[in-house]
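A.B. asks: Swiss-Prot feature annotations, pasted as is:
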type: ACT_SITE; residues: E104; note: active site
type: BINDING; residues: D8, D103; note: Mg(2+) binding site
type: DOMAIN; residues: 4-185; note: domain 'UmuC'
type: SITE; residues: F13; note: site 'Substrate discrimination'
Amino acid sequence: MKKIIHVDMDCFFAAVEMRDFPELRGKPIAVGGRSDRRGVISTCNYEARKFGVRSAMASAYALKLCPDLILVPGRMSVYKEVSAQIREVFARYTELIEPLSLDEAYLDVSDCTQHQGSATLIAEAIRREIFEVTGLTASAGIAPVKFLAKIASDLNKPNGQYVITPQMIPEFVKTLALIKIPGVGKVTAAKLETMGLITCADVQACSRQSLMERFGKFGGVLYDRAQGIDPRGISPHRERKSVGVETTLAKDIYTYEQCQAVMPQLIQELSGRISRSAKSRRIHKQVVKLKFDDFKQTTIEQRSDEVSVKLFYDLLKQALERRAGRGIRLLGVSVGLESEAVGAGLDEEVHGAQMDLGF
């Protein structure tokens, strides 16, 4: 039985700003780009969230919801330093750390003997140490599998934690909304709802085969998650699956020619990123992404063994066919990377009985 902890810092970027600039405390603040430059909110504090401000929201719209919102440009170098401090705390308890971003990570503490092996007590200790070292609060979810640990970390925010023991899983997943499962977005959830599938209990009444016929490989994953099954282990060295570049435009654009003028810089920057971070990796697809003035987006991709500038422009033309009169506010290009693993299989470790407190 694994013991997985998902640690998620509470409104991380905004919390760092409030820590370093106490005059911001108690006021609605957001870290993000300027509204006059079509910036986007990266994160915001809880005071701002009361007004409906959310991550990935246009700064201009956020200011309409909350006229007193204080926009902070952000200090990525500081956030990275604090993230490194947090990582050092994790490393005192386990080497099995899978960072998801600067402010969240999975930890496998199955073999940790501290605090009598209790995952609950270990999570409490980690959160306490993070606060002592950084002055910031963190929330945590504890469960035997990754996806439930991630869901649990959101159930007692901010500055809290939630435990899902093995015995709790059957009842917990029964009422769990499918949209809460990581990987199930709004579009997929809407498709599932048209089939009468809203909760995990609804999926449990289906066969794996019927779901796979409808959704392919994801159908099988969904079936497993609805039973509370997630065989994925912790990946301390997560393999990068793609490299991309995108830009939010100063003004909406509408034509292929206008997009054409933006593409060379994007492709050049993408080429540089591939050279720096994925030079030894083979690519397997190219992707063009457009976000429209209604904030809906579309992506077009095609298999490719090497980067082709012409293919990017061909994909751009296809993506523009979906514009339907809307303005384009964001344009992006990316490549998918082949896995570095060769002949990778499923390795299962069988652990002997441990005299510990479990969860």
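Backbone N, Cα and C atoms are what each Cβ position is placed from, and that goes for glycine too.
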A.B. asks: Once the chains shown are all counted, how many other Cβ atoms turn up within 10 Å of the Cβ of the residue listed as 'active site'?
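C.D. replies: There are 19 of them.
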A.B. asks: Among D8, D103, the binding-site residues in question, whose Cβ has the most other Cβ atoms within 10 Å in this structure?
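C.D. replies: Selected residue: D103.
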A.B. asks: Check F13 (site 'Substrate discrimination') against DSSP and tell me helix, strand or coil, would you?
C.D. replies: helix
A.B. asks: When DSSP is mapped onto helix/strand/coil, what comes out for D8 (Mg(2+) binding site)?
C.D. replies: strand
A.B. asks: Taking just the CA atoms, what is the gap between D8 (Mg(2+) binding site) and E104 (active site) in Å?
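C.D. replies: Checking the Cα atoms of D8 (Mg(2+) binding site) and E104 (active site) gives a distance of 4 Å.
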A.B. asks: If one looks at the chain holding F13 (site 'Substrate discrimination'), which residues at least 6 apart in sequence have a CB under 8 angstroms from its CB?
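C.D. replies: The answer is V31, S42, T43, G74, Y79, D103.
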A.B. asks: Could you please provide the mean pLDDT value for the domain 'UmuC' (4-185)?
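C.D. replies: Per the prediction, mean pLDDT sits at 94 for the domain 'UmuC' (4-185).
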A.B. asks: Is D103 (Mg(2+) binding site) helix, strand or coil when read with DSSP?
C.D. replies: coil
